[in-house]
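The transmembrane segment feature in TrEMBL is assigned to 20-43, 69-89, 117-136, 148-168, 197-218, 269-287, 293-314. Positions annotated as region 'Disordered' by TrEMBL: 377-422.
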Amino acid sequence: MAPQPPPLVATIPVEERIGLAFIVEAAALSTFAPLALMIYLIYSAAKESLVSKDPLIPSSRTRYFRSHLHYYFISLLFADTIQGLGGFMDLKWVSQGNVTGGAFCTAQGALKQVGDVGVALSILAITVHTFLVLFFHWTPPESPRMAIVVLTLDWLFITLLVSIGYALHGRHEYYGITGLWCWITALYPVERIALEYFWLWAAALLNVLLYIPLFLALRGNIVVVHSDPYGGWPKVSFRTTTKGLAWARPRDIKVHMLRRLTLRLSYPLIYLITILPTSITRFMSFAGHNVPYQATVFCGLLFSCSGIFNVILFTTTRPMLLPHTAPPPRELTTMSFRRTAGGTTALTEPFEPSASTVTARTGMNIADPQVDGELFPWHKSESPQGHQEGDPEQIELQRRPDDADTASIRSSKLGSIIGAAR
């Protein structure tokens, strides 16, 4: 049976209007939460550009956009805002009790398509960046030029996707009424898949395919070794146990890494949760099945929460994405000890530690905020300021000054010094 042209007016029953009202509320949160956070980040970046001109303030204490990840995150927030705005436009249909064709309907359909594909490609950019950094130990260049080029190509591609469909079919009911809102009409099933759903599912599939080996690598089942420090392909080996390099750490570091790994797996999971139900109901509708409005409302509500989910997820699991004031330097943050010729233990000159959390026997750093702000194996032992972390044979556990166990560690070491002196 050939698809029917969309109606000019579609009346919404009272019970469906109530469900659509909940979708509007979720879309409002997914519009204004990413928008507010995006404005805050851009404001912080603008403020940084002014403060960084002060020669008395080190650039390391004012540099908010420290990695390419920040630019990809801005792109995700922008796409979430557009996607949420497309859903928030349902407010008109709720207020008037029907969906009508026209310019407003066309605008909603276009915004929904731009937002959906924009979110998918932005999440994909974050996933690929994370995989390259954590799995292959890739060091992104300090210049943001690469991230800007990637995002420019992404958004040019999105613009092309929307423009092609509308340019070819815009005057022939390309965007129109599709149930409780407006989108690409049933007259163009190929365009529905090729210009939107294919990219949503490609991003979801690549998320899963990349995060699984990433989890195994950080867990120690997959070991990536760069035999040539000047380049070349890395060597990948597999282990049946989890006693890999990533787990040769003190117990508290293992627990922290496990927590981070678990949170990492929530990225593709949350994305799948938001798009899977909607995709199922829409494909059922494409096939001519009658989808209950309760299922449509539930899936639409879940999909409309995508923006607020992303804001909560990324700001809680990647705190280094948010601007923050660096703690003031302390006169004595980390102490080094050496054994003298007489057999006593002496305190060497204190030094200012870098942003690394651990420099272990393997010569690997954990948690370099310059790149990802999370736990990951690193193949160099160099701080962002250019200082060497020390001898790779030395195990040096550095924590933030406000950590709970810092005082006890220092007290025990000072106690041993006093005891040796006696």
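One is the number of the first residue shown, and numbering goes on along the chain from there.
Placement of Cβ uses the backbone N, Cα and C atoms for every residue, glycine included.
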Using a Cβ cut-off of under 8 Å, list the residues of the same chain at least 6 residues beyond the transmembrane segment (117-136) that approach it.
68-69, 72-73, 75-76, 78-80, 82-83, 150-151, 154-155, 157-158, 161, 195-196, 199-200, 202-204, 206-207, 210-211, 213-214, 217-218, 224, 234, 264, 267-268, 271, 306, 310, 371-372, 374, 376-377
Most CB pairs under 8 Å with the transmembrane segment (148-168): which of 20-43, 69-89, 269-287, 293-314?
69-89
Taking the transmembrane segment (69-89) as reference, which of 20-43, 269-287, 293-314 has the most Cβ pairs under 8 angstroms?
20-43
Could you pull out which residues elsewhere in the chain have a CB under 8 Å from any CB of the transmembrane segment (20-43), counting only those six or more residues past its ends?
12, 64, 70, 73-74, 76-78, 80-81, 83-88, 90-91, 93-94, 180, 297, 300-301, 304-308, 310-311, 315, 322-323
If we skip the immediate neighbours and take only residues 6+ beyond the ends of the transmembrane segment (269-287), which ones have a Cβ under 8 Å from one of its Cβ atoms?
123, 179, 186, 189, 192, 197, 200-201, 203-204, 207-208, 295-296, 298-300, 302-303, 305-306, 309-310, 313
